[in-house]
4 protein chains.
Amino acid sequence: MAHLPDHLLKGYRNFMTTRYPGERDHYRSLAREGQAPETMLIACCDSRSAPEVIFDSAPGELFVVRNVANLVPPYEPDGEFHSTSASLEFAVQSLKVKNIVVMGHGRCGGIKAALSPSSPLSPGDFIGKWMSLVAPAAESISGNPMMTPIERQTALERISVRYSLTNLRTFPCVQILEQKGRLSLYGAWFDISTGELWAMNNATGDFERPEFD
Amino acid sequence: MAHLPDHLLKGYRNFMTTRYPGERDHYRSLAREGQAPETMLIACCDSRSAPEVIFDSAPGELFVVRNVANLVPPYEPDGEFHSTSASLEFAVQSLKVKNIVVMGHGRCGGIKAALSPSSPLSPGDFIGKWMSLVAPAAESISGNPMMTPIERQTALERISVRYSLTNLRTFPCVQILEQKGRLSLYGAWFDISTGELWAMNNATGDFERPEFD
Amino acid sequence: MAHLPDHLLKGYRNFMTTRYPGERDHYRSLAREGQAPETMLIACCDSRSAPEVIFDSAPGELFVVRNVANLVPPYEPDGEFHSTSASLEFAVQSLKVKNIVVMGHGRCGGIKAALSPSSPLSPGDFIGKWMSLVAPAAESISGNPMMTPIERQTALERISVRYSLTNLRTFPCVQILEQKGRLSLYGAWFDISTGELWAMNNATGDFERPEFD
Amino acid sequence: MAHLPDHLLKGYRNFMTTRYPGERDHYRSLAREGQAPETMLIACCDSRSAPEVIFDSAPGELFVVRNVANLVPPYEPDGEFHSTSASLEFAVQSLKVKNIVVMGHGRCGGIKAALSPSSPLSPGDFIGKWMSLVAPAAESISGNPMMTPIERQTALERISVRYSLTNLRTFPCVQILEQKGRLSLYGAWFDISTGELWAMNNATGDFERPEFD
């Protein structure tokens with residue numbers, strides 16, 4: 001028999017009876033015309049930081065990549081399978097998004113793992129290898145006895161957003177389009193314990209509460 | 001100055017004024033206790049198929065990986081960076097999720113690209129390489145002149161869900177836990193033009209409308 | 001003695017006591033005036049897809065041809081006995097129907113036979129010959145190991161509807177009247193497992209759930 | 001856009017809201033288990049003589065062939081496309097029905113055409129050729145000035161039922177199974193002007209009102 005976990009079926013029924021009726025025409029039009037999102041959002045898999053929830057976004061609004069710790073690896077045209085690079089290429093070259101936002105968040109499990117490396121979870125140690133992308137930064141922080149564990153973690157969460165933005169700029173297509181003013185890059189950090197959203201200052205790299213009009 | 005695209009700031013303000021107040025305590029508790037999602041959801045980046053929207057899910061409910069065409073590559077413990085495998089390992093080994101759902105969707109741009117391969121979008125051709133995971137299946141479908149383009153695409157979208165489920169079972173941890181009855185795998189397909197959700201029948205691989213109680 | 005199978009006698013008695021009294025005058029008038037159905041329906045013999053049931057139709061409403069797999073052979077004025085072509089000619093030329101609907105259905109035994117041809121059922125092999133009408137399409141589908149048996153069957157069921165519609169247009173009378181706007185052709189597919197009716201999009205050939213006013 | 005004639009959509013909606021809910025489980029079970037009708041019914045395309053209506057039959061009950069004037073051509077294993085013979089073979093050999101009923105009806109347009117042949121409706125003259133199956137009988141009747149037009153027509157309608165039953169017995173599979181007592185053949189005639197059903201007496205060939213228990 002075809003089935004899904006109960007909580008998903010229940011949730012889907014809620015969606016269909018409450019939200020979908022008002023968006024029916026929009027979904028149909030998006031199916032007919034294709035998607036044309038303005039913004040690509042690179043976020044974490046974490047169950048507490050869903051971009052469409054935090055940004056109350058409509059269908060068709062956000063092209064979303066989610067991996068552990070919202071990391072973008074550096075440009076490596078080596079013929080291997082690169083999930084995140086493929087998504088990036090699709091968003092920039094094919095969908096021609098105008099914005100890319102890398103969003104980190106507080107209490108990130110991946111970042112926490114990077115700060116306290118333990119024995120591998122599996123012989124393949126996929127998560128250890130993946131988080132080794134920010135290993136140099138993690139080492140510079142994890143040995144600092146002056147910072148609290150939360151401070152160390154927040155620091156690395158924000159460093160990793162800047163790291164992903166730096167790597168994004170190693171992709172020729174991103175570099176060129178940003179220089180032409182046709183693509184903008186942003187950093188953000190969501191505090192799951194307070195609901196606060198912090199935006200990165202592009203000039204300084206600092207995270208600040210954004211101002212609303 | 002710190003800023004974000006206007007549509008995100010506007011959406012965030014909506015979230016904070018409408019949804020967040022009712023979930024404030026839940027977010028706080030999730031921050032304090034850590035996440036413990038029961039379900040990992042592997043979905044597409046597509047802007048029209050957001051899992052948290054379709055399943056009306058609460059914060060903490062879904063651990064979500066999103067890549068182009070919701071693909072899981074086969075198990076390859078080769079020491080490279082594997083975004084999806086790392087997420088999988090984290091969800092299964094560390095968070096100990098009980099369910100993994102692979103959700104495809106209609107009008108998938110990645111699947112469309114797989115059915116009509118054209119010249120690479122970039123020298124690295126990340127998307128071409130990524131979609132080559134389903135190239136054998138795509139070839140078996142793309143040459144069939146009796147099916148309409150939409151029919152070919154739907155067929156490959158569903159094949160790719162089964163393909164990802166097959167690959168999930170190449171990961172030793174998934175295999176072992178499924179055999180022990182501690183992990184369940186599911187397939188789903190969302191029709192963005194009608195809002196219909198189809199669930200995969202685990203016995204046959206067919207997609208059917210799920211029954212509700 | 002004159003007799004009929006018991007289940008037919010019992011059913012007929014039900015008809016006479018429940019439905020017929022309310023339609024007595026309509027039957028009389030239809031006998032007196034002759035039939036003038038607006039729609040010809042070409043359906044399968046299958047015991048689970050009766051047009052008058054599915055469309056809750058009144059006497060006089062549908063002129064119905066039923067053969068295995070609802071097939072229309074191509075126009076062949078060769079002087080042989082052509083059951084379906086004769087019915088078509090009678091409906092179009094004599095009754096002047098305005099619509100022709102070809103309705104396929106799920107789990108079609110004829111289509112299943114076409115996908116897995118086995119040794120002939122009889123020396124004449126009437127069913128093998130009849131289903132050979134869709135043999136080229138069947139071959140393009142039956143060898144695809146990526147699709148489930150049900151998916152292959154659904155694909156061929158829909159292809160066969162389009163095939164019959166194409167053949168209908170090889171009949172000069174159909175061609176001419178359709179061009180004059182006096183005859184419309186439609187495709188439909190009934191899912192016997194869910195009761196869902198799918199209508200063919202004439203522009204694309206795709207099957208979609210029809211919209212109701 | 002996908003659409004169907006309005007009267008069909010309206011009728012389908014009636015079916016889904018009134019009849020289908022009570023038969024949902026039966027349809028599902030029929031989809032899962034396959035059809036196993038006890039009875040094959042060979043009837044006319046006429047819009048006023050729908051077998052499922054007249055016999056108030058449930059889904060899965062009747063395997064129904066419908067062609068103009070409910071004719072069965074003689075057994076001809078010549079490798080041509082034989083719609084009715086293919087249906088017969090499928091019902092008898094594959095579904096193993098226990099009964100075959102040939103049902104004629106009053107005011108049959110095909111029979112009327114056979115009695116008053118006119119210039120062909122098309123160069124192919126499919127209907128003329130089809131009705132020529134009963135041409136010898138028609139000639140023996142049409143020239144009889146002692147019978148009224150309605151009497152001549154009723155006579156030929158009943159002759160044609162006996163003719164089809166005779167032809168059914170030219171099929172080796174029918175002959176053998178009937179001799180073994182595993183297949184029974186019946187004739188019936190429905191009077192659309194009164195709603196009366198007449199059953200053929202197998203011993204005499206006469207049509208009589210069947211007796212009910």
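Start at 1 and count along the chain as shown; that gives each residue its number.
Just so it is clear, glycine is given a Cβ too, placed from its N, Cα and C backbone atoms.
According to TrEMBL:
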{"type": "BINDING", "residues": "C:C44, C:D46, C:H105, C:C108", "note": "Zn(2+) binding site"}
Which of the three DSSP-derived classes (helix, strand, coil) applies to C:H105 (Zn(2+) binding site)?
strand
Assigned conformation of C:D46 (Zn(2+) binding site) - DSSP reduced to three states:
coil
Using Cβ-Cβ distances, find the residues under 8 Å from C:D46 (Zn(2+) binding site) that belong to the same chain and are at least 6 apart in sequence, listing them in sequence order.
C:H105, C:R107, C:C108, C:G109, C:I192
For the binding-site residues C:C44, C:D46, C:H105, C:C108, which residues show a Cβ-Cβ distance under 8 Å to chain D?
C:D46
Compute the mean position of the Cβ atoms of C:C44, C:D46, C:H105, C:C108, which form the recorded Zn(2+) site, and then list in sequence order the other residues of that chain whose Cβ is within 8 Å of it.
C:A43, C:C45, C:R48, C:S49, C:A69, C:N70, C:G104, C:G106, C:R107, C:G109, C:G110, C:I111, C:E157, C:F190, C:I192
Using a Cβ-Cβ cut-off under 8 angstroms and a sequence gap of six or more, which residues of the chain neighbour C:C44 (Zn(2+) binding site)?
C:R66, C:N67, C:V68, C:A69, C:N70, C:M103, C:G104, C:H105, C:C108, C:G110
Among all the protein chains here, how many other CB atoms are within 10 A of the CB of C:C108 (Zn(2+) binding site)?
26
